[in-house]
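Novice: What TrEMBL lists as active site, nucleophile is B:ASP25. TrEMBL lists B:ASP27 with the feature active site, proton donor. Residues or ranges marked as Mg(2+) binding site in TrEMBL: B:ASP25, B:ASP27, B:ASP244. The substrate binding site annotation in TrEMBL covers B:LYS221.
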There are 2 protein chains.
Amino acid sequence: MTRQLLATPDQYRALVDQFDTFLLDMDGVLWQGSKLIPGVDRALARLRALGKRLIFVTNNSTKSRASYVHKLESLGLYGAAPDDIVGAAYATACYLTSIGFPKDKWVYVVGQQGVVDELTAQGFQACGLEDTGVPFTGMDDLAAIQPDPRIGAVVCGFDGHLNYTKLAKAHTYLMSNPDTLFLATNPDVCDPVHGRTFPACGAMYSPLVASTGRSPRVVGKPNATMLDVIVRVHGLDRTCMVGDRLDTDVRFGLNGGCQTLLVLSGVTTEEALFSQNAIAPHYYMASLGELQYIP
Amino acid sequence: MTRQLLATPDQYRALVDQFDTFLLDMDGVLWQGSKLIPGVDRALARLRALGKRLIFVTNNSTKSRASYVHKLESLGLYGAAPDDIVGAAYATACYLTSIGFPKDKWVYVVGQQGVVDELTAQGFQACGLEDTGVPFTGMDDLAAIQPDPRIGAVVCGFDGHLNYTKLAKAHTYLMSNPDTLFLATNPDVCDPVHGRTFPACGAMYSPLVASTGRSPRVVGKPNATMLDVIVRVHGLDRTCMVGDRLDTDVRFGLNGGCQTLLVLSGVTTEEALFSQNAIAPHYYMASLGELQYIP
């Protein structure tokens with residue numbers, strides 16, 4: 001049975017009794033933009049009082065795990081440690097660790113500080129941020145962009161400072177050596193901001209796909225690479241994935257064999273849930289905040 | 001008969017006697033990088049002495065037609081007027097003229113000065129260059145990016161100053177109004193520079209394709225839109241298209257029902273010409289410079 005509506009405290013209690021661990025998407029589940037979704041603070045406290053493990057899962061690659069703890073606390077959500085956060089940048093660094101990516105190679109990052117922080121936290125050498133703000137004055141600038149045998153991987157995340165110098169360098173590293181790994185933190189082509197959408201990581205690596213003819217290994221939800229990291233670090237027994245998106249969060253949980261709970265506090269409406277049959281969460285409810293009423 | 005090698009002065013003479021007009025690709029045909037291909041100056045003079053009309057066709061969208069005349073003259077190629085140049089930016093402006101794009105609407109340009117110059121030369125209002133160098137300081141910047149009913153089209157060309165602000169604005173204009181036209185000057189995903197390749201226009205509009213789910217009308221070679229402009233302005237009787245690329249120049253000529261001449265002075269080798277059967281020029285020769293020997 002799927003797409004079961006949970007709407008009463010007894011139903012909430014029956015849900016949480018089935019699980020030891022909740023994987024929680026954040027944007028659209030805990031907050032919308034910079035505002036806490038009402039009741040989520042009390043709901044998380046109630047889940048913890050019931051002995052549940054909470055792991056926060058995000059495709060956002062711009063912030064480190066420590067900065068997510070700060071973001072949670074800034075909205076009144078206390079009790080999370082950096083190890084409770086699994087972000088796409090962290091998962092990407094874990095992937096490189098898992099394949100034994102050599103520590104004497106460099107990772108060229110088309111992305112922001114969060115990606116670099118997670119890579120360096122696992123002992124990797126990362127560069128690319130130094131190309132932020134480098135002006136492009138004409139095609140002759142490109143003579144200075146040369147293949148670099150020290151570069152062993154190109155990692156793309158969301159990059160609000162994307163520029164042509166970064167694209168040209170990443171293109172050069174990927175084209176000059178077919179062994180250069182090509183990774184992307186997450187596949188989202190848009191992020192919701194202020195009630196609209198804006199281009200996101202999945203859009204930003206597309207120029208490199210077009211220019212090189214290569215496709216990156218995409219780490220984040222709904223892909224199995226991110227789930228592998230969670231499995232290895234935390235285990236997945238009696239786990240429920242909670243999210244607001246069908247095509248990333250719910251698919252991610254289903255791909256990993258988890259039970260899934262869709263909340264309607266983010267991008268998916270009840271109408272959208274029932275207007276398609278491709279992705280069906282096990283449960284859905286109005287908002288995670290409702291779990292504050294668990295008896 | 002196709003792929004006929006031209007290698008003697010008599011063969012050159014037999015070729016040019018068939019045609020009144022030559023459409024000439026520039027990069028790889030007239031010059032390589034910043035160097036004139038040997039003999040091309042004398043070859044063009046010989047063609048003009050024989051009464052041939054020369055039209056210069058380029059997918060480059062960063063330079064205006066006037067700046068191409070300067071580039072030709074800087075390499076010693078005199079005698080071309082701006083009307084003899086058909087660039088992808090000019091052709092894009094011609095397309096907007098041909099469909100009666102309203103002069104009270106604005107065109108948002110993700111591209112460089114050449115695109116804006118060609119649009120304004122045909123009486124259109126263009127914006128976008130003012131977003132060059134606008135720093136992105138965080139997602140809260142996006143609140144300032146709002147739908148704008150004055151914008152009627154988004155035009156993408158090569159943009160060495162590509163940044164997230166431009167992508168976010170173009171995305172917003174395309175998403176907020178399905179009637180906003182989406183055009184790209186040319187489809188090239190890479191440009192050859194200094195013996196290597198770098199991401200080009202066709203790569204740079206791909207983030208918007210990914211984020212909006214919309215596909216642009218792509219004007220430049222080998223698409224018919226560019227050829228329509230040349231047909232309308234210059235006529236195509238007894239015309240030969242000369243280029244160094246099979247997939248853009250030769251295909252472009254074939255798409256338009258022209259005879260085609262491949263020169264081996266650019267990206268295509270004789271081996272590459274015969275290693276495929278998809279695109280066959282009518283004629284090929286070592287270099288356009290050989291035409292200086294026409295008796």
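Cβ coordinates are placed from backbone N, Cα and C, and glycine is handled just like the others.
Provide an account of the burial state, proximal residues and distances for the features listed.
Specialist: In sequence order, B:VAL57, B:THR58, B:LYS221, B:MET241, B:VAL242, B:GLY243, B:ASP244, B:ARG245, B:THR248, B:ASP249, B:GLY266 constitute the residues six or more apart from B:ASP25 (active site, nucleophile) in its chain with CB-CB distances below 8 Å.
In sequence order, B:THR58, B:ASN60, B:PRO192, B:ASP244, B:GLY266 are the residues near B:ASP27 (active site, proton donor), counting only same-chain partners six or more apart with C-beta under 8 A.
Mapped onto three states, the DSSP output places B:ASP244 (Mg(2+) binding site) in coil.
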Novice: Count the other Cβ atoms sitting within 10 Å of the Cβ of B:ASP244 (Mg(2+) binding site), across every protein chain shown.
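Specialist: For B:ASP244 (Mg(2+) binding site), the count of other Cβ atoms within 10 Å is 25.
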Novice: Name them in sequence order: residues not among B:ASP25, B:ASP27, B:ASP244 whose Cβ is within 8 Å of the mean position of the Cβ atoms defining the Mg(2+) site.
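Specialist: So the additional residues around the site are B:MET26, B:GLY28, B:VAL29, B:LEU30, B:THR58, B:GLY243, B:ARG245, B:ASP249, B:VAL263, B:GLY266, B:VAL267.
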